[in-house]
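Comments concern the structure below.
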Amino acid sequence: MKSALFSRFFILLPWILIVIIMLDVDTRRPAPPLTPRPYFSPYAVGRGGARLPPRRGGPDSGPGRGWEKRNESRPHARPRPEPPLPTIYAITPTYSRPVQKAELTRLANTFRQVAQLHWILVEDAAARSELVSRFLARAGLPSTHLHVPTPRRYKRPGLPRATEQRNAGLAWLRQRHQHQRAQPGVLFFADDDNTYSLELFQEMRTTRKVSVWPVGLVGGRRYERPLVENGKVVGWYTGWRADRPFAIDMAGFAVSLQVILSNPKAVFKRRGSQPGMQESDFLKQITTVEELEPKANNCTKVLVWHTRTEKVNLANEPKYRLDTVKIEV
């Protein structure tokens, strides 16, 4: 009996071993990744956990589709074009002297950093000088070169200076805009011996009619300025004749171009004008004190200085035996 069992066992043993080996090999093979089947709920969760019903109708709806937000593109409105930047017209009287080119160079270096500025340079001469012509050609600035001589009788000490030159600049502006619609612009008188902060040009560009601000190193004081209360000019802090209608320096105001064009007879006067009264005589023709627009933080910041170049000492300049090279200074 036992021998029969052992014989059957040994007959089945190889087959059992083969089955075990096959099962072991099959279990060692990497199982394919399980791909979860998508589940579409008939309800979608909205903000705050609220359950939203499915969308019905429309090309994107269908059985098994949940609610989804469509990001439909809408045409954007075109931005409005920015208004043109007002042009600043700077009228600069100048005359021949040893420091002329140095003064103009300093001024040009400032103007070159100001956007939309047109320089009107007016020589006190019967003709344009080669020095100024060459200088403007290399200055890299939009400019106009004018000339008009001061009559000999008005060159005496104590009389107003640069009257004819400023009037020539005003006449050029009016003639240029006579037959065309004037673009926004601002005019100011920039003497070639002044020093300007770039912030001043930002302030004056928003001038509606006539704007004013302090001036440093003028009138025998560290500064002069309009006195302002509640945004209005009520007086003048000045070291000379505070009774003037406009006790202000030529470097202390700017005028809208439209005001200049609307007052074609407004000029600087020779007859009847007293020394130091040119600013008042001019401004009386175009505005009143009540209409003045204070700039520079209600006229509490100095952004322009009435600097003066020291008189040059040329005592050692030779009259004979000159340099063999002619150099422009």
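Glycine too: its Cβ is placed from the backbone N, Cα and C atoms.
From a predicted model like this one, the values you see are computed outputs, not experimental measurements.
For the UDP-alpha-D-glucuronate site, Swiss-Prot lists PRO93, THR94, TYR95, ARG161, ARG166, ASP191, ASP192, ASP193, HIS306, THR307, ARG308; matching the candidates ASP124, ASP243 against that entry yields ASP124. Cβ neighbours within 10 Å of TYR95 (UDP-alpha-D-glucuronate binding site), excluding its own Cβ and spanning all shown chains: 16. The CA atom of TYR95 (UDP-alpha-D-glucuronate binding site) is located 20 Å away from the CA atom of GLU279 (active site, proton donor/acceptor). Across the region 'Interaction with galactose moiety of substrate glycoprotein' (240-249), DSSP helix (H, G, I), strand (E, B) and coil residues number 0 helix, 0 strand, 10 coil. DSSP assigns ASP191 (UDP-alpha-D-glucuronate binding site) to coil in the three-state reduction, placing it in neither a helix nor a strand. With ASN298 (N-linked glycosylation site) as the anchor, the candidate recorded positions are PRO93, ASP191, ASP193, GLU279, THR307, and the one with the nearest CA is GLU279.
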